[in-house]
Amino acid sequence: MNQRNASMTVIGAGSYGTALAITLARNGHEVVLWGHDPEHIATLERDRCNAAFLPDVPFPDTLHLESDLATALAASRNILVVVPSHVFGEVLRQIKPLMRPDARLVWATKGLEAETGRLLQDVAREALGDQIPLAVISGPTFAKELAAGLPTAISLASTDQTFADDLQQLLHCGKSFRVYSNPDFIGVQLGGAVKNVIAIGAGMSDGIGFGANARTALITRGLAEMSRLGAALGADPATFMGMAGLGDLVLTCTDNQSRNRRFGMMLGQGMDVQSAQEKIGQVVEGYRNTKEVRELAYRFGVEMPITEEIYQVLYCGKNAREAALTLLGRARKDERSSH
């Protein structure tokens, strides 16, 4: 591979970053995968697979491992960031001085900025300026299934139509990976953050033993919360019926591959927050997202009762069953009301 002609540089060598890099390489593209831990990258290079997260998926020959950040960023103008939301801004500030002048940035990170609840587009603009094209991909994607080549579909939104078209062409694979374009940059970002919160609630409900009826009600009312917050931020309501909204929400709330759901199940079964996080062993994005989504909802005056009760469990020590009963005990209302 020429050092400057890769189709994409992927920043973040966890399970999802690796899965996306594999998918791109499988599409016939030269891809560079960078991770912050040189020892981890050396292990990936030696094994030619991510044995920790994706042990049964060998790397295509066109997937190149790189531990030097400057070299990785010089390899392509297209940068795909796949890191936890709480380090998103820090990573962008780290890569900014090393990016090519023609660089374009897309992220697969789902969440909001830690503490402030800002959308990641605002974090990116602050870190990188107003000139660089930005994009986001989001949708129902478990890393293991994506890496295995099982059928998957996502949404793609960008501030730049040329970038959106190029990304759709790079990522889309008719056999296994369908990429839908969507002009709603805000909505595609927001869905991925709120669904993490609702998934914890769905897990809590199942952990308590409330059954399928309760889980489905929680998903449906969670979608209503997502849509209300989206409307307040200027998103298109139709986005939340697509891959980045309902699609991701259903997947994350119903399948035990979801860390957020498993975390919630442990809480519903009586485990404390810290012990549940330690047992998961990886980042539970919904833990921080709950605080951030609640902050955003307060800022825009949007009532989100499910999010509020999950916050009370995670940060105020409320019992999961008590939180569920609080929701069930809410006053009667019209299903279509705005609160």
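Backbone N, Cα and C atoms are what each Cβ position is placed from, and that goes for glycine too.
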SER15, TYR16, HIS36, LYS110, ARG259, VAL283, GLU285 bind NADPH per Swiss-Prot; candidate in ALA70, ALA75, ALA143 listed for that same site: ALA143
Listed in Swiss-Prot for the sn-glycerol 3-phosphate site shared with LYS110, GLY139, THR141, ASP248, SER258, ARG259, ASN260, one of LYS195, LYS318: LYS195
Diameter of the sn-glycerol 3-phosphate binding set by C-alpha atoms, the set being LYS110, GLY139, THR141, LYS195, ASP248, SER258, ARG259, ASN260, in angstrom: 16
Cβ-based isolation winner (fewest other Cβ atoms within 10 Å) among the binding-site residues LYS110, LYS195: LYS110
Count of other CB atoms lying within 10 Å of the CB belonging to ALA143 (NADPH binding site): 21
Cα-to-Cα gap, SER258 (sn-glycerol 3-phosphate binding site) vs SER15 (NADPH binding site), nearest whole Å: 13
Those binding-site residues listed as HIS36, ARG259, and which of them has the most Cβ atoms within 10 Å of its own Cβ: ARG259
For ASN260 (sn-glycerol 3-phosphate binding site), the number of other Cβ atoms found within 10 Å of its own Cβ: 25
